[in-house]
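Worksheet: one structure, shown below.
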Amino acid sequence: MSKTDFTLPGTIWVASDIHLARQVPETCRVFYAFLAEAAAHANGLILAGDIFDAWIGDDAAVNDPEPWLREAIGHLSETAKKIPLFIGHGNRDFLMGPDLARALGATLMPDSTLFHTDAGPIHISHGDELCTHDVSFQRFRKLSRHPFTRRLFLALPLQVRRAIARRARKTSMHAHGTKPMYLMDVAHEAVSDVFRDHPALIHLIHGHTHKPKCHQFEDHGTQRCRWVLPDWEWDHPPFRGGYLSISSAGITMHGYTAPDSGQPAQQ
C-alpha cells in the first residue's frame with residue numbers, strides 16, 4: 001500500500017477550513033469543543049486543510065508559539081492521543097511539515113489521499129488543486145510549493161515571514177473579491193480526472209470552496225458523489241461550521257451547534 005493510501009475503519013469524522021487564528025477566539029473555542037466530541041465519539045479524525053488561517057513554518061509552533069497557537073496545538077495533540085488524527089495541507093497552511101505532525105502525534109497527509117473506510121474507498125483533499133480554471137492561482141500554488149521556494153521562505157526571520165503572510169492574505173482577499181465565481185470553484189474536468197484515475201471510487205471529499213453540498217452525478221458510466229465540506233466561522237455571522245461522518249452506514253453531512261450558546265450552524 002502506497003503512502004497516499006490509508007486504511008481507517010470505524011466512524012471517521014472529516015472537517016476543513018477552520019482557519020484558526022488569534023483574531024477568531026470564538027471560532028477556536030467552538031472548534032476545540034468539536035475536537036473533544038470527535039475524540040469521544042469517532043474512531044478517527046481527518047482535517048483536510050486550512051486548519052490554520054496562515055502557517056509560516058513549523059518552528060513558529062514548536063519552538064516558541066504564541067499563546068493562542070500553544071492552546072491550539074495542545075487541543076490537537078490531546079485529540080491525537082485518543083484517536084488517529086490526520087492533517088492535510090490547505091492553500092493557507094501548506095507549509096505545515098513533519099515537525100508539526102510529530103509535535104501533534106498526527107499523520108501529515110499528502111495533498112491527495114485515498115482512505116479505505118467502512119463506506120468504501122474515499123478520495124480526500126483540500127480542493128484547491130481542483131480549481132484549475134483559476135490559472136493564476138494554480139501558477140502561484142505550484143511556485144509556492146516548490147522545494148526551493150519553501151526553503152527560501154523558511155530561512156527568513158519569523159517577523160519577516162509574518163509580515164509576508166499578512167501581505168499575502170490581504171492580496172488574496174482582494175483577488176477573491178474581484179474574480180468571477182466560476183474561477184474559485186472546482187473544475188468538472190479536474191474532478192473527472194480523479195475518478196478516471198480511481199475507477200472503483202464513488203466518493204470524493206474536499207473543502208476550500210466553502211460551499212457545503214453533496215453533488216451527485218454520472219461519470220465514466222458510474223454514479224459518483226462529490227462532497228464539499230463547510231468552513232467554520234463563529235466570530236461573525238452568519239455562524240457556521242460542520243463535518244462529515246463516514247461509517248458502514250455511509251456518509252452524512254452534519255452542521256455543528258456551538259456549545260454553551262445553542263446556536264446552530266447555518267448551512
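Using N, Cα and C of the backbone, Cβ positions are placed for all residues, glycine too.
Note: TrEMBL annotation is automatic and uncurated.
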According to TrEMBL, which candidate in Asp50, Asp185, Asp235 joins Asp17, His19, His210 at the Mn(2+) 1 site: Asp50
Which of His126, His133, His254 belongs with Asp50, Asn91, His208 in the Mn(2+) 2 site listed by TrEMBL: His126
Shortest C-alpha distance to His208 (Mn(2+) 2 binding site) - which of the binding-site residues Asp17, His19, Ser172: Asp17
Cα distance (Å, whole number) from Asn91 (Mn(2+) 2 binding site) to Asp134 (substrate binding site): 13
The one of His19, Lys179, His208, His210 whose CB sees the fewest other CB atoms within 10 Å, among these binding-site residues: Lys179
Arg92 (substrate binding site) versus binding-site residues Asp17, His19, Asp50, His126, His210 - nearest by Cα: Asp50
Rounded inter-Cα distance in Å - Lys179 (substrate binding site), His210 (Mn(2+) 1 binding site): 16
